[in-house]
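Annotated features in TrEMBL:
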- 6-189: domain 'Flavoprotein' (DOMAIN)
- G13, A14, S15, S39, S104, T105, G106, T107, C116, R139: FMN binding site (BINDING)
- Y169, R185: dimethylallyl phosphate binding site (BINDING)
Amino acid sequence: MSGPERITLAMTGASGAQYGLRLLDCLVQEEREVHFLISKAAQLVMATETDVALPAKPQAMQAFLTEYTGAAPGQIRVFGQSDWMAPPASGSSAPAAMVVCPCSTGTLSAIATGACNNLIERAADVAIKERRTLVLVPRESPFSSIHLENMLKLSNLGATILPAAPGFYHQPQTVDDLIDFVVARILNTLSIPQDMLPRWGEHHLVSDE
């Protein structure tokens, strides 16, 4: 199996809940164990942007997402924002990689300054201090100088800044195609196999020129 076997997936209050849900589905399909964290703001955004209404309690949410994605029992583990005993809160047991998708600029700022006011922020702090893979997927427009400075700081600390900015060279036909473009780039960054998006040049036709 290439790529990490256990991954922390956090969703925060930026627009783009579809990206996080699609990524969760892909991670389940690739038989990864997912530690799922979500902020209250992200739950509100998800209810606004999709027809998915997550239960409030972690245990009920875990059962819902397991059925929603077709995951195996225990493959998705949901932890509340105040669960400081959860594996992502400690370098000794946190997964090898973490993705924040979508990542609000508020969460971006908190991670950049080392704030640990909730489990999402603490998990990201652990990923940075342990030199583990951390992928942040901001979805904001336009970016302010503060946002850009925070991204630069986090990039210098080893995080990957992967904006939710789909490309068009694959000639997308649907919104799902645009979502898959971003999710495929995340999976590529994690070294997890994906067949949603061909790599550049895979279908290149040799020119006579």
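Glycine too: its Cβ is placed from the backbone N, Cα and C atoms.
No curator has checked TrEMBL annotations; they are predicted automatically.
Features as recorded by TrEMBL, highlighted on the structure.
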residue: G13; record: FMN binding site; Cβ neighbours (10 Å): 20
residue: S15; record: FMN binding site; Cβ neighbours (10 Å): 15
residue: S104; record: FMN binding site; Cβ neighbours (10 Å): 22
residue: G106; record: FMN binding site; Cβ neighbours (10 Å): 13
residue: C116; record: FMN binding site; Cβ neighbours (10 Å): 17
residue: Y169; record: dimethylallyl phosphate binding site; Cβ neighbours (10 Å): 9
residue: R185; record: dimethylallyl phosphate binding site; Cβ neighbours (10 Å): 22
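C116 (FMN binding site) sits 39 Å from Y169 (dimethylallyl phosphate binding site), taking the Cα positions as reference. In terms of C-alpha distance, the listed binding-site residues S15, S104, G106 place S15 closest to Y169 (dimethylallyl phosphate binding site). When averaged over the domain 'Flavoprotein' (6-189), pLDDT in the model lands at 97.
With respect to R185 (dimethylallyl phosphate binding site), the closest of these binding-site residues in Cα terms is S104, chosen from G13, S104, G106. Among the residues the record lists as binding FMN, namely G13, A14, S15, S39, S104, T105, G106, T107, C116, R139, the two farthest apart have Cα atoms separated by 23 Å. Y169 (dimethylallyl phosphate binding site) falls outside any helix or strand according to DSSP and counts as coil.
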